[in-house]
Each structure stands twice: as C-alpha cells, then as structure tokens.
Amino acid sequence: MQKPLAIFLMGPTASGKTDLAIALRQQIPVEVISVDSALIYKGMDIGTAKPSKAELELTPHRLIDILDPSESYSVMNFREDALREMADITAQGKIPLLVGGTMLYYKALLDGLSPLPSADPDIRAEIEAKAEQIGWAGLHQELVNIDPISAKRINPNDSQRINRALEVFYISGKTMTELTAQQGEAIPYEIMQFAIVPQERAVLHQRIEQRFHKMINLGFEQEVRRLYQRGDLNVDLPSIRCVGYRQMWEYLEGQTSLDEAIFKGICATRQLAKRQITWLRGWTSEIEWLDSLDPENSYKKMIEKVQQKHLKLW
C-alpha cells in the first residue's frame with residue numbers, strides 16, 4: 001500500500017519559507033503545519049516573525065499559538081501533535097506541508113524518538129540542589145566527564161538542557177548520546193524534502209539584520225516588556241530563551257543597553273541560521289535545494305517536482 005505524501009519545506013530563519021508556502025497553497029492542495037519551536041507561543045508574534053493575520057487568513061498554519069509562554073513543549077509533544085494534524089489533513093484528501101526551521105522536530109518526525117526516560121521530579125530536584133552549590137557551569141563540567149559529545153552541544157549556561165542530560169544518565173545509566181543514537185518508529189508517510197537557503201551567506205546576514213530592525217520598529221521591545229511585566233516568566237523558560245527575546249529580556253533587567261540588546265539579538269539570530277544550515281548540510285535524507293534569492297524559480301521547481309512524483313493528484 002502506497003504511503004500518503006507529505007512535504008517538508010525547511011530552511012534557516014529569514015530564508016523566505018513562509019512566502020513560498022503561501023504561494024504553494026494557491027496551486028497545490030496542501031495544508032501548512034508549522035515546524036517552529038517559537039511560533040507555538042501565544043503573545044510572541046513580532047520577535048518570532050509569526051505570519052501576519054492576513055497571511056494566516058490566506059494560508060492557515062497549524063501548531064501556531066497553541067501554548068502560553070509559561071508552558072514547556074517537548075520534541076515528543078511536537079511529534080504527537082504533528083502526526084495528528086498530518087492524519088487529519090490526509091483524511092481531507094490534502095497534502096501536509098510542514099514549514100519551519102526547527103530541525104530537531106523534523107528529525108524526530110523522520111526517524112522517530114529515541115527511547116529517552118521520562119522526567120523524574122526527585123532526580124531533577126537533586127540536580128537543581130547541586131546546581132545551587134556548584135553552579136550550572138560546574139554541572140556542565142560534570143557532564144563533560146560523563147557525556148562529552150552532549151556537553152559540547154550544550155551551552156554551560158543552559159540549565160534546562162544540562163539538567164535533562166544529567167537526569168537521563170542518572171535514570172538510565174546511559175548517556176544522552178548513546179540513547180539518541182537508537183532510532184524509534186519512522187514516519188508513516190512518503191516525504192518530499194525541500195530546503196530553501198540563500199547561496200550567499202552575506203545576503204542572509206543582511207536580511208536578518210533588516211528584519212530585526214523592522215521588528216524593533218513594529219514594537220518588539222513593547223511585546224517583550226508585556227511578557228516581562230507578567231511576573232511569572234523568566235529567562236530559563238524555553239519561550240524567553242528564543243533568540244531576540246533573551247537579549248531584550250537582559251535589556252529590561254538592566255544588564256545591557258537597548259542598542260547592545262539589538263546587536264546581540266542580530267548576532268544570536270545569525271548564529272541560529274548558521275546552526276540551521278549546518279543541520280541541513282549534514283542531512284542524511286535526499287533534499288531538493290532551493291535558492292531563496294530566486295523565489296520564482298524555487299516555486300516553479302517545487303511545483304514541478306511534486307507534480308512529477310504524483311501526477312494523478314491533480
């Protein structure tokens with residue numbers, strides 16, 4: 001039995017994924033699912049470059065605005081939600097089009113989840129108590145000794161990921177690296193994968209800087225200030241650690257000037273884009289590459305490739 005078709009449209013931030021997805025929906029019977037760990041949060045619209053109200057009316061996106069910023073969301077949560085939405089779209093006779101830049105989410109969909117143990121509140125409390133004694137940098141050094149590969153990927157200030165990596169080891173006796181190497185259940189779809197990336201990195205850097213300044217003009221500082229004034233959010237939450245938000249939060253706490261926060265936000269966004277491109281360059285599955293500097297040809301190429309694969313869909 002032939003698997004149903006699904007399409008991945010991947011790419012770094014500011015590469016033009018949303019515009020391309022909107023254009024595709026006018027021509028192909030697709031429904032969009034967001035693959036973005038920042039767009040899930042309500043009230044975080046400007047700094048995440050969330051599609052506008054007009055864009056969402058034209059092309060609705062699923063898995064946008066599903067959580068309050070105080071809530072956490074795991075890769076497992078995403079996989080369950082995405083598979084549910086994909087099944088619903090397929091049942092309507094349409095094609096799921098998954099659009100975004102959170103590469104870990106795509107990997108979880110393709111390969112399934114590795115058998116990581118569930119969280120243990122008691123062990124987490126022990127780790128946090130130890131952090132109060134020696135600091136998260138000290139615990140990061142402990143992780144270096146236990147699981148150097150994971151430690152290399154985790155910032156010494158990233159308390160949540162350090163906690164999780166140590167928790168996994170304390171519960172299972174195996175490192176995060178060992179367990180994530182074990183694949184889970186693969187996705188029950190035939191996947192066409194596209195990646196839209198500018199051929200010149202300097203152009204992407206320029207786009208990122210321009211977009212960040214545009215967000216400032218649209219009221220990004222005020223958006224973060226509203227979150228800050230709630231009183232129940234902090235910089236350790238995944239929502240506030242999103243690029244741009246963390247830097248603006250530091251400004252509101254008086255740690256930096258506004259100009260410095262903007263500069264740091266632009267740098268952090270460029271680093272995110274670099275990581276996303278690195279993920280894509282190392283992707284093991286077959287990818288059709290699109291040039292974001294040539295959106296018209298990218299659009300034509302996607303239409304042509306999908307129609308070639310499934311001529312009888314139209």
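Each Cβ is built from the backbone N, Cα and C atoms, and glycine gets one as well.
Taken from Swiss-Prot as is:
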type: BINDING; residues: Gly11, Pro12, Thr13, Ala14, Ser15, Gly16, Lys17, Thr18; note: ATP binding site
type: BINDING; residues: Thr13, Ala14, Ser15, Gly16, Lys17, Thr18; note: substrate binding site
type: REGION; residues: 36-39; note: region 'Interaction with substrate tRNA'
type: REGION; residues: 160-164; note: region 'Interaction with substrate tRNA'
type: REGION; residues: 241-246; note: region 'Interaction with substrate tRNA'
type: REGION; residues: 274-281; note: region 'Interaction with substrate tRNA'
type: SITE; residues: Thr102; note: site 'Interaction with substrate tRNA'
type: SITE; residues: Arg124; note: site 'Interaction with substrate tRNA'
Over the region 'Interaction with substrate tRNA' (241-246), what is the model's average pLDDT? 96
Highest CB neighbour count within 10 A among the recorded positions Ser15, Thr18, Thr102? Ser15
DSSP-derived class (H/G/I helix, E/B strand, else coil) of Thr18 (ATP binding site): helix
With Cβ-Cβ distance below 8 Å and at least 6 positions apart along the chain, what are the contacts of Gly11 (ATP binding site)? List them in sequence order. Lys17, Gly101, Ala195, Ile196, Val197, Gln276, Leu280, Leu290, Ser292
Sequence-remote partners of the region 'Interaction with substrate tRNA' (36-39) [C-beta within less than 8 Å, at least six residues beyond its ends]: 47-48, 50, 61, 63-65, 73, 78, 100-102, 105, 238-239, 242
Cβ contacts under 8 Å made by the region 'Interaction with substrate tRNA' (274-281) with residues that lie 6+ beyond its boundaries: 10-13, 101, 103, 195, 197, 287
Taking the Cβ of Thr13 (ATP binding site) as the reference point, list residues of the same chain whose Cβ is under 8 angstroms away and which are at least six residues distant in sequence. Ala49, Gly101, Ile208, Val243, Thr269, Leu272, Ala273, Gln276
May I have the list of same-chain residues other than Gly11, Pro12, Thr13, Ala14, Ser15, Gly16, Lys17, Thr18 whose Cβ is within 8 Å of the Cβ centroid of the recorded ATP site, in sequence order? Gly101, Ile196, Ser292
Would you kindly give the Cα-Cα distance separating Pro12 (ATP binding site) and Thr102 (site 'Interaction with substrate tRNA'), rounded to the nearest Å? 9
Rounded Cα-Cα span from Arg124 (site 'Interaction with substrate tRNA') to Thr18 (ATP binding site), Å: 38
If I take the alpha carbons of Gly16 (ATP binding site) and Arg124 (site 'Interaction with substrate tRNA'), what is the distance between them in whole Å? 40
